Amino acid sequence: MYSLSRILQRSQRYNFAPSSFGAVSKLEVSSGGDKERVFKSFGLIYSKPQGLVRLYSARDVFSRFFGIHKLSSIADAKDKGDEVVREEELSESEEAVPVSGDVPEGVVDDDSLFEPELGSDNDDLEIEEKHSKDGGKPTKKRGQSELYESIVAYKSVKHVLEKWVKEGKDLSQAEVTLAIHNLRKRKSYAMCLQLWEWLGANTQFEFTEANYASQLDLVAKVHSLQKAEIFLKDIPESSRGEVVYRTLLANCVLKHHVNKAEDIFNKMKELKFPTSVFACNQLLLLYSMHDRKKISDVLLLMERENIKPSRATYHFLINSKGLAGDITGMEKIVETIKEEGIELDPELQSILAKYYIRAGLKERAQDLMKEIEGKGLQQTPWVCRSLLPLYADIGDSDNVRRLSRFVDQNPRYDNCISAIKAWGKLKEVEEAEAVFERLVEKYKIFPMMPYFALMEIYTENKMLAKGRDLVKRMGNAGIAIGPSTWHALVKLYIKAGEVGKAELILNRATKDNKMRPMFTTYMAILEEYAKRGDVHNTEKVFMKMKRASYAAQLMQYETVLLAYINAKTPAYGMIERMKADNVFPNKSLAAKLAQVNPFKKCPVSVLLDI
């Protein structure tokens, strides 16, 4: 019988390091139809009259096994800073970089939240067909969808659907679901939403709860959480089930809305929905970024309600232990996984190898990498995507080259992406470009991920000109320019030391554009201004985030306070601002508040204060 207490038991303190999982959401649907001074402190154990309340003190139960380390995360108009860039300062060539496109891209984040739990493909645009004859890993084939192919070719959902109906073609649940699935894999969220909206307005298509959940997820991604909440009320009561609510919960995590996520979780309890491991995993992810003290409460809740950890839960725990450098604790979790009968697949093995490398245990990592390769690449070609970055991490260019040659002979989309990234880690830009070009030649319907993989290499090597040229190439190739592309450009300019131009590009992109930038895009600019002690611009970006409906959280306020600290400027009214935003400081934030307290007295001033 599994026990979360046993999983986390150890003599030392348990340090929950940040999870490697991004704050993102991925809809879980069936394939059949597919975060010492505080103002206030909450825990998570649920009770009906009070909702989420703390029932255990820091010394109760789980404190025997681990300690909890919380997350560390009106401008003066005269303080303009050095990074205010006038629009005319940009050259014509810079203005030529596309910042918008004809086809909306939607809010693009890493769509892989607890992916092993929700299902992940071993190749792009593939679906599971059947198990191999020897009873091994299921074989895959490319998901053929005429509707999807037509939409991508015409880049017009309305045109294709009108023609589709006129010709009397099938708009079955299976065809629509597969088209939505493939469009999601391309991050074409706006197109997915248009498809659902058109079906709802122009046909008698019978929507299932999973269909409504998919549409709600897309409304939140393309528009906002507020609009998603409005859409929720429009869903027929019979289809307003647990799947729909947990989809909204996942998007609250994506948007970093802690209070709203807790409200949704409580609402699901009030509606007497069973507490799912998916919902608990979402809260674990949320609190890993915003309030680590509550992580123990989630784990206690799972134990109290007999919710068995999923593979994704174990992934989270392994990442927490690994990032904290607790290799012994990580290995104890692995033992528990084995006791539970969960197979250590290549994905889990690659995560373990990654943390062995970080801990300097190169030989252990290499042993695991040999296990991952197993009987040979011909039998398990998909393991290249895990092995390539690992060999790059230990600087083994020979094995990276060996695997890259195999990838060339047996081109798979995911393996090619990993090869590009591996060569980037080794600073072999030309090799990465060569893999990219071969991928361009192979795929006619070319997703954005390879462009972003190559853009990341240009960013890390401060190759501004090449990065800009790549974005132009994306535009010329008909690739949708949207939030994810803006994010790549912003990172490129920030890394090159041009944060002012990065902000200007973002301002241009969002002008007259309904799509909003990603949370991480704003944070990249906010953090750079804060590092420079540019209070004015830091506050300006902070307000932009609020206007873009990104709720003020601990990490934003901590970054703003860092700007005041670096500028050696007192911050007036900061505590009141935080109270107004319902943000309560943890230990790290409280320390920063003390540093910028305008009424703080030094020891000498106290002596002379008579």
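Note that Cβ sites are derived from N, Cα and C of the backbone, with glycine treated the same way.
The model shown is predicted, which means the values in this text are computed figures rather than measured ones.
Copied over from Swiss-Prot, here are the features:
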TRANSIT   1-71  transit peptide
REGION    88-142  region 'Disordered'
COMPBIAS  107-127  compositional bias 'Acidic residues'
COMPBIAS  128-137  compositional bias 'Basic and acidic residues'
REPEAT    310-344  repeat 'PPR 3'
REPEAT    345-379  repeat 'PPR 4'
REPEAT    447-481  repeat 'PPR 7'
REPEAT    518-552  repeat 'PPR 9'
- Message: Across the repeat 'PPR 3' (310-344), what are the DSSP residue counts per state (helix, strand, coil)?
- Response: 26 helix, 0 strand, 9 coil
- Note on the structure: Sequence-distant contacts of the repeat 'PPR 4' (345-379), meaning Cβ under 8 Å and at least 6 residues beyond its ends, amount to 116, 311, 314-315, 318-319, 321-323, 325, 327, 330, 334, 337, 386-387, 390-391, 393-394, 403, 406, 410
- Taken over the repeat 'PPR 9' (518-552), the predicted model's pLDDT averages 92
- Task: Sort the residues of the repeat 'PPR 9' (518-552) into helix, strand and coil with DSSP and give the three counts.
- Result: 26 helix, 0 strand, 9 coil
- Grouping DSSP H, G, I as helix and E, B as strand, the residues of the repeat 'PPR 4' (345-379) number 25 helix, 0 strand, 10 coil
- How many of the residues that make up the repeat 'PPR 7' (447-481) does DSSP mark as helix, as strand and as coil? 25 helix, 0 strand, 10 coil
